Amino acid sequence: MINTMEEVSPVMETPMAQPFLLERRVHQRKSTVSVLKSKLKQNVTCSGPRVRSTLTGFFPVVRWLPKYKLKEYIWGDIMSGLIVGIILVPQAIAYCLLAGVQPIYGLLTSFYANIIYFLMGTSRHVSVGIFSLMSLMVGQVVVREVFLAGFDPNEDSTPSGLVVLNDTLDTNLTDDTVLTVEVMGMQCGKECYAISVAAAVTFLAGVYQILMAVFRLGFVSVYLSGPMLDGFATGASFTILTVQAKYLLGLKIPRHQGYGTVVVTWINIFANIHKTNLCDLITSAICIAILVAGKEIQDRYKDRLKIPLPTELIVVAGATLASHFGEFNTNYHSSISGHIPTGFIPPQVPAFSLMPRVALDAIPLAVISFAFTVSLSEMFAKKNGYTVRPNQEMLAIGCCNVVPSFFHCFTTSAALAKTMVKDSTGCQTQLSSLISALVVLLVLLFFAPFFSALQKCVLACIIIVSLRGALRKFKDVPAKWRASWNDAIVWLVTMSATALISVEIGLIIGIVFSMVCIIYKTQNPKVSLLGRVSDTDLYEDLEEYKNLTPPPRIKIFRFQAPLYYANKDSFLKSLYKAVGVEPFLELTKRKKAEKKGKDMSKKQAKTNGEKNNCDVFIGLVQRELEFHTIVLDCSAIPFIDSTGMATIKGLVKEYKEIGVSTLLAGCNTLVIDILQKGQIFGNNEKNMSNYLFYTVHAAVLHANQASTAAESRSEDSTV
């Protein structure tokens, strides 16, 4: 029950008005057993409508495809699907460099991911497939495991693993001592082992995501703040650029294992810069110039251009023709993609023997993949006026990883750039993903071998130029700092840790640092003394607003944070500093002064032979405080714990000992319930109406009335 006392007459002769009390509703809490029974009955019941609802929820395509507006949607879906497919093909081949696997696996991954998301996704615009960040994280695991298995970390040191995978080891091998590793009863070469590791970590990441969906653990993504994700993506972009820089120069140096990849790789690059391949360097310079020019034209004239420029495809086609007819690999020893076979590879169960080694690596993959997918889904759904189901999105992206892992694929996620292309080219439904998958299918069936002469430096150029957006985030740092220095620091710390230490450690540091910043805010919140706006019942911060009048002999204190174990000391210190009186010290001073006064009075009495001066001296040492009441404005306290309750209880008691009343105003029901459990208002809440008030103004009126009544009683007793 909350005190809502209104304006009362300050006439001293009248007794204190009894405040009006709000009566709380009684909520009967169901037992845990009954709640579990009802949920089990609701979720386990098997009926025709229930089965139909479950299937349509699991495959949303069954709901929207029969309602598809052919004339209205088809051309936008076909156009966006074709454009994204054209962009997807060169990126699928290029990102395999990051993942440490052969180009065929990138095409397979893009194909299966688009098909599965078409069936299971709830977003109409998200493009799911190969993403540079996911490819980098998979590649770090692959390169580490390949190195630990004893293979040469140099990319060009072994024949194609696809040959091993297809059991045609008798071709293209000149060394009789080729290292192989047994995986699932099959002898695997380097590339076969690499895709086995990638498929194993992808399978586990998908399983984690499905389990998160089943147990509805999507709330995990709330700990990935926007500034933290931006900083993480920018720091990872530095790592991606660094890993790809060696291809621009044609250097054959292994990828660094462990922490400090950016620093160590650049040291190795400069140590081997005299080995630069001029053919790769010139090709890289030309390709980057064309790609950047195309991107700039696209950005400058995006309002006039109806479709994005297929710059990547043009560069890939031109570079492939130049490399093929110029025989760059033979004449200039330029690294090329190598043979890319057509058709599909038979499915294979992921290597369970490798999963214990990569189980921890799959966790950040699962979380980041899910976080990017859901955030993009919700962003574009809000932009286009529809809703998505985050739990189904998590299930969909989990299946986009689990199912393709049986077909030699690696981890996928939603990609911002391709999603923006879909949105800007008229995409209406996920039918566009099916069109993109058909474009990739054509390449898989017919055109893949034509990319065999494509230089790796060209693929590296495509990857590096695609990082422009992430690297441009540095321009936003001053604006971030002006908007929120806390967010700017989170961005800088996460970016630096990701770039300078490692991607996984950077993610952990970013999450922990973000949470530490929130804890720091709650431990050091804004506190203020309030004053009254003239002729109103409004009270605001005296430091922030002008023309406010503090009520006489009353201190109104506002604490803008939850009150719990971590900030109780901060609460007490700030309150003592604001009101200027610490009760324990004040009580100690009074006791010392009282003792000193007694001693002095005794000495003087002995000197003068008097016995009545003791009371006079005691009265002289008792100083009167500037205030008689503290009002705690609890409107900005969302919750308190048992420690916070004990803190308030002790505060009320300590100030009462020095003659100061403590009143509570604006408490929400959660705070009231905790206070009642701590019996702050006495047994059966008998003193509740004297401590708890609905508004600050009601508490001030009560304090003034109580003070007037106390003074009146004091005067009567004196008389």
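Including glycine, each Cβ sits where the backbone N, Cα and C put it.
Database features (TrEMBL):
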type: TRANSMEM; residues: 73-97; note: transmembrane segment
type: TRANSMEM; residues: 104-120; note: transmembrane segment
type: TRANSMEM; residues: 126-143; note: transmembrane segment
type: TRANSMEM; residues: 192-211; note: transmembrane segment
type: TRANSMEM; residues: 231-249; note: transmembrane segment
type: TRANSMEM; residues: 362-381; note: transmembrane segment
type: TRANSMEM; residues: 393-417; note: transmembrane segment
type: TRANSMEM; residues: 437-467; note: transmembrane segment
type: TRANSMEM; residues: 488-516; note: transmembrane segment
type: DOMAIN; residues: 544-703; note: domain 'STAS'
Reported mean pLDDT - the domain 'STAS' (544-703): 85
Best-contacting stretch, by C-beta pairs under 8 Å, relative to the transmembrane segment (362-381) and drawn from 104-120, 231-249, 393-417, 437-467, 488-516: 393-417
Within-chain partners of the transmembrane segment (488-516) [C-beta distance under 8 Å, separation at least 6 from its ends]: 133, 136-137, 140, 223-225, 227-228, 230-232, 234-236, 238-239, 258-263, 361, 364, 367-368, 473, 477, 480-481
Surrounding residues of the transmembrane segment (126-143) on its own chain - C-beta under 8 Å, 6+ positions past either end: 84, 88, 91-92, 95-96, 98-101, 106, 109-110, 113-114, 117, 153, 194, 197-198, 201-202, 233, 236-237, 239-240, 243, 254-255, 257, 358, 361, 364-365, 368-369, 372-373, 376-377, 380, 396-397, 400, 410-415, 418-419, 421-422, 433, 436, 463, 466-467, 502-504
Touch test for the transmembrane segment (437-467) and the transmembrane segment (73-97), at least 3 Cβ pairs under 8 Å: yes
Positions whose Cβ lies under 8 angstroms from the transmembrane segment (192-211), at least six residues beyond its ends: 99-102, 105, 138, 141-142, 145-146, 149, 151, 161-162, 164-165, 181, 183-184, 186, 217, 348, 350-352, 354-355, 358-359, 361-363, 365-366, 369-370, 394-395, 397-406, 408-411
